[in-house]
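These come from TrEMBL:
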- B:G23, B:L24, B:D25, B:N26, B:A27, B:G28, B:K29, B:T30, B:G69, B:N126, B:K127, B:Q128, B:D129: GTP binding site (BINDING)
- B:T30, B:T47: Mg(2+) binding site (BINDING)
Amino acid sequence: MLTGKASELPMADERGKLPGGDSYVDDDCGPSSFFVQADEMNELLGRLLPKIELLHARLKEYLCANTPTPWTPPQITNEEDREFDKSRQILDIYQEQPHLLDPHLERLVQPTMQHLREVMATLYENEGDGRGALVEQCMVTFRPFMGFLYHLTKVRGHKTIIKFFPHEVADMEPVLFCLESITHKANDPEFWEGRYVLLLWLSLLSMIPFDLQTVDSGTETGGTPLVERILNLGKTYLYAVSKEYEGAALLLMRVITRKDTAGTYLSDFVTWAAAEVHASRDVFKQRGMLLALCTIYKGGRRELLLPTLDHVLPCCNLVEEPFAQNNALLRKLLIKLTQRAGLTFMKPRAAKWRYDRGNRSLESNLGGTSALAPVNDICDTEDDDDDIDVPESMDTIVGILLNGLRDKDTIVRWSSAKGIGRIMNRLPHDLGQDIVQSIISLLEEDVLPGPGGQGYDLSQVSDSTWHGSCLALAELARRGLLLPLRLEEVVPWILLALKFDQRRGAHSIGAHVRDAACYVCWSFARAYAAEIIQPFVDALAKALVVVSLCDREVNIRRAASAAFQENVGRQGLFPHGIDIVTAADYFAVGNRTSSFLEIAVSIARFPEYHSHICDHVANVSLVHWDPNVRELAASTLAKLTPINTTYMSQTVLPALITRTTSDELAVRHGSLLAIGEICLAWYAAAIRPSDTGKLNGTVPWRAQENSGIVTSLSAVIATYPARYLDGFGGELTRFGCCKLIARLAEAQWPESVGSEFIKSSWKIAITSLAAREESVQVAAAAAVGSLNSLHHMDDSTLRLLIGGLSPEKDKHRRRGYALALGDLMGFVLSTNATAIIKGLTAAVAVHPDKALNDAESRRNAVQSLSMVCTHLDSQLPMAISPDMFETIREALFNGLQDYSTDSRGDVGSWVRQACMRAFQSIVMLLTNPALDEVRTAYLPEQAKVTFIGELCKQSVEKIDRMREVAGQTLLFLLWEVPGFEFEGMALLRERLPRNAEMSWSSAAESYPTMIPLLTIPQFRIQMLSGLVVSIGGLSESLVRHSSTSFVQFVNNLPDMSSPSSSDMTLGDLFDALLQVFRQYHRQDRVSMCILETLDLLFGCGAIARCGDAALYETLFTLVKQEVFKSKDVKKLLAGIKVFCGFVSLSAENGPAVAAIRQRALSQLVMYLAHPYPKVRRAVAEQLYLALASNTEDQFGDDDMEADDDVVGDDEAASAEDILLSTDWDLPVSQLKDTRDRLKILVLG
Amino acid sequence: MGLLTVLKKLKQKEKEIRLLILGLDNAGKTTILKRINGEDISSISPTLGFNIKTLAYNGYKLNIWDVGGQKSIRSYWRNYFEQTDGLVWVVDSADRPDRFADCKLELHGLLTEERLSGASLLIFANKQDLPGALSSEEIAELLDLKTIQTHHWQIVGCSAVTGENLLKGMDWVVTDISKRIYMLD
Ligand SMILES: Nc1nc2c(ncn2[C@@H]2O[C@H](COP(=O)(O)OP(=O)(O)O)[C@@H](O)[C@H]2O)c(=O)[nH]1
Ligand SMILES: [Mg+2]
């Protein structure tokens, strides 16, 4: 009866969970909530374990044999190796939630261990000279099993796994024997997992409650006592480079803290190890020794260890030594040892003076659930503080730990903080208070008075020290060691730490400090009774709320949210706690945008939090180093404005206005953004219809009390110095200005304040159009649009913009101007529509000079064309004639043919995409009933069909994104636009039903659906021209999916139509293909792909099936022309494949076909002397294959008459020989003869 | 390591409870352990060494250590003290009268152990199903439980054979432990 299985207690009842922080660690946050692969894992083990049985059988056979015969332990096969890999991969899934494995651990560990121990027992029974070698041999088979066990310890922790190891007395000696037998190879990297597992096992066995001497079978024979053998092993492995040192430390602790061994071995070992730490400068040695000491002081009995402390205390001081300063792990171990030394000095107790909240769990607060109470209350008979004897060394220990709080490495600070918490519990009150004071002093270090003597300036403090100090305070608070008296002093620091953020160049640091501050707040919630925390609730609640919603980092938002939730759960004091916990939970605060814009805004509706949230967003988020956070903050302020316009306009806004002239870019940028947002929101709130439906009516700018704001704000832009706009960060400032201008214009900013505002705004907006950053251009264009609505653009500016579109102008300017023209509306647009459209349509055209081409300009021009139409709306017929409109359609159609590429790839796709969108908006525009009369004039039937055909084409092209846009546009036009009809629509609708749930970007899904659309004659040519590009493309999966669907489609096409039906035939397909081929003749982007498509069609037999000599003739000529004198190897190779396709045609089909076949052969033979060796090699190979398959056909068909064939058997055979045996890499001059010979053989 | 990690670890830690079952030999320790684990109790032989069982209980994970109680072994009990949250002391309520003195002595000895100082103490007055069994009150008297002031304690009369009151006792000890939120580590 060894160990038990984890099972649900059969009689267990259901009980509620403890509240507080539940969702933060809930099991369901991860991939699954239980061990999904349990059965799979069992099966895996079931397949693997017989290997050990086999080993055991062979071993026994060997041992029983009278004459020694060589034996081999079974090897692990590759297949088994893969199964072991698989088992590790499964376990790795649970790395984050390893407790899910718990109910299955027994089944994972015990069978394996059982198998291992049986073999080990056999090995041990037969112990004798040279039998150690047997162990070594068995290890080969053991290895992956031990690796599996190790992996379990890695995922779930050795403490948990070890509980399932066997631990009978009888196991002790076999395990020890086996480990000893492989120890001469202690550094063999092959088997460290096994050694680690055996060490762990031995450490568990060393817990048996019997005198080890009685277990030791070697005592009588005078061998080394068992204890010493274990000790030696432990010492050896303490030095190990791999994880064995951890197992060894555990083993040593177990074996020398036993009742029967401690007296003899403990003190000696500690002395020895301490000396080693001092003497050695070998990191591995020190690491092992220190870990062993830490483990011993943790697990051993205090009374026994107390006398040894003198030896280890000097070690603790080593933390300052240079060798330790370079090694965080050593420092961490030294800190741990210091902590353990401190704990050994002092008797365990809970500090009498600590703060005790009384009813400490919510469960009992809520009325308790247990039927039984303890019979007694603990009555402390402990000594009073005065009687506590604190050794002098404690000063040193505490000093080292306090210093560890400032360590540069997080792990060291954590260890120090924990150490301080644990030790302080055992110290008297006064000493405890001194330590708290010291921690507070650490926070005060390097704090400067804030600007103007207000608050503090934390720019000089060490973030590490603040992190460590907060951790320590949290650890103390949790344990009730931070007395309520201290809170008044500590809380203000924690409030600062919650928002700790130190600027470092372009970014900032401090997230770890904020996280630790959240930990402190969380600990407060657990430690104190409500009345203690009451005075600080207000400040803490506000700070936690803003951090949980407005911190940049998701883990900090979540940490703050956890702390807030804990406070609400345990204290119930935080205002609107439940509402906030519901709105701002772990998952909700995961998304930054919605945390700011939705949750923070909704919580700001609670008056208690309103001003704090506004202030934080305006003063912290708005000046954040990350421009995205600043933008988010500005948008948030807009949404906060209507909640309390007075606060926003009278308190926040004036402060922001003064910040617009800050020399700090971030401050300037943020304030410009925010001011515009706030003003527009303020305006909107003021004129919003009241509940009675009447306009509130008072535009704030007219109110006397706001004249100060209006005046100063009007002046901001006008007085902006050039260095702000054109110096460092100028683009960002311009972005801010443009946003501000746009918002103010939208808010009907008064012109009367002086033309200065209008003039300067126009100037900045127009000059910013030429910015290099696209986002700035977009903002500038929007500003132009809004300004134009407030105050018409003058003629010269308009001419400037239109003129600036021409190709020789700077490309940034062209882009920006094109955008701006699309944002114009109203009078200026309707009176100048023709000029604007002319400019824009010209800008869509691809310029013959590549250097002048700019895809973004073209894309913007397309967008703007559609915007112009949309803005004109029902005025369209007045502003633009149908002829003018035709030029727009042409521009869009041309844009759809834009396949320009540059170093960034297919940049034309941006234009094509914009054109598709533009077509959709034009269609939408024309649904306007006011345009009923003119609809057909502006969008004739043929135009619709052409555009739909283009959409079909784009929907089968190679870029996923394009297929998606095209497909969605198609679906939209087919189903969502009332009254929109065109030829072929019904057939399209059949294929693309409404709500067709299709992933257009997935090639596997879209091609099978789209390719059958080829049957619709209206769109066939266009679709085919798109499809061939995918079929002949480069990306493997795209080619595969498109060709498979295409071949399938082609194979189902009938040879010829029955007279009764108009169904598409194979001939129709080839007609279309020829058309496409002609259309794209010598346009490599498409024509090369057509060659590939032809190859595919030869391959699937479609061309042979068609049997139309005239078609062959045309096709052959086109192909020949296509590759004529081409220098493109890729194209030549594609052409060669097609020629070979022609060769594969059967001459049986008549003299015309035979003639074409002959011409193809001659073409191929010609290529055998091509200047490129690669071409020669390819053609030789292809030709060989073509000839060989022809010969095969002959043999396969007895009736075939050899005379009919162009090449006779013998000739073919020798031709094949030559093709194969010639080295086609030789210079062409040396190949000419061979080629000529072949010519005769092949062509006769 | 941030707060979220701390919380995750803490949550797991707070859900794990370590119990140590001790008592004189033949008191029924192993039988109780097997019984609450739902195992067969018909063929239990004296414990040679120790048993470890892991079982889920009311959302907690209990690690229960059961160590043999023969006189020669008792001095090794302290091998198993570390991080013990609860001590379950099992008494054979129908034991020979002379053994109760021993029983009391061993129990009170344990209570002075530093490393058990934070543990809750549950006394199972076992074998209540046997005719001559003393009541839990009588056992409490015999063991002088009322003098215990260093530990939360409770005594429950039970029978490992019938299963009576085992759950009541386990319930108490788990609840008592879970109420402690300060860690005495
Ligand atoms: N009648 C009765 N017998 C019990 C009870 N509990 C245990 N026993 C028996 O007492 C003997 C010793 O039990 P065991 O669990 O091995 O005691 P341990 O030495 O404390 O582990 C066994 O024969 C059990 O069947 C009980 O509640 N009632
Ligand atoms: Mg037992």
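From the backbone N, Cα and C atoms, a Cβ is placed for every residue, glycine too.
The local packing around B:T30 (Mg(2+) binding site), expressed as other Cβ atoms within 10 Å of its Cβ over all shown chains, amounts to 25. Cα of B:G69 (GTP binding site) to Cα of B:T30 (Mg(2+) binding site): a distance of 10 Å. Ligand 2 lies under 6 Å from the Cβ of B:K29, B:T30, out of the binding-site residues B:G23, B:K29, B:T30, B:G69, B:K127, B:D129. Other C-beta atoms found within 10 angstroms of the C-beta of B:K29 (GTP binding site) number 28, with every protein chain shown included. A simple way to gauge crowding: the CB of B:G23 (GTP binding site) has 24 other CB atoms within 10 angstroms, across all the protein chains here. Taking the binding-site residues B:A27, B:T47, B:G69, B:K127, B:D129 in turn, the residue surrounded by the fewest other Cβ atoms inside 10 Å of its Cβ turns out to be B:D129. Under the three-state DSSP scheme, B:K127 (GTP binding site) falls in the coil class. Neighbour density for B:D25 (GTP binding site): within 10 A of its CB lie 16 other CB atoms from the protein chains shown. Recorded residues B:D129 (GTP binding site) and B:T30 (Mg(2+) binding site) have their alpha carbons 17 Å apart, per Cα-Cα distance.
DSSP assigns B:G23 (GTP binding site) to a strand segment in the three-state reduction.
Rounded to the nearest whole angstrom, the C-alpha distance between B:D25 (GTP binding site) and B:T47 (Mg(2+) binding site) is 9.
The maximal spread of the GTP binding site, taken as the longest Cα to Cα distance among B:G23, B:L24, B:D25, B:N26, B:A27, B:G28, B:K29, B:T30, B:G69, B:N126, B:K127, B:Q128, B:D129, is 22 Å.
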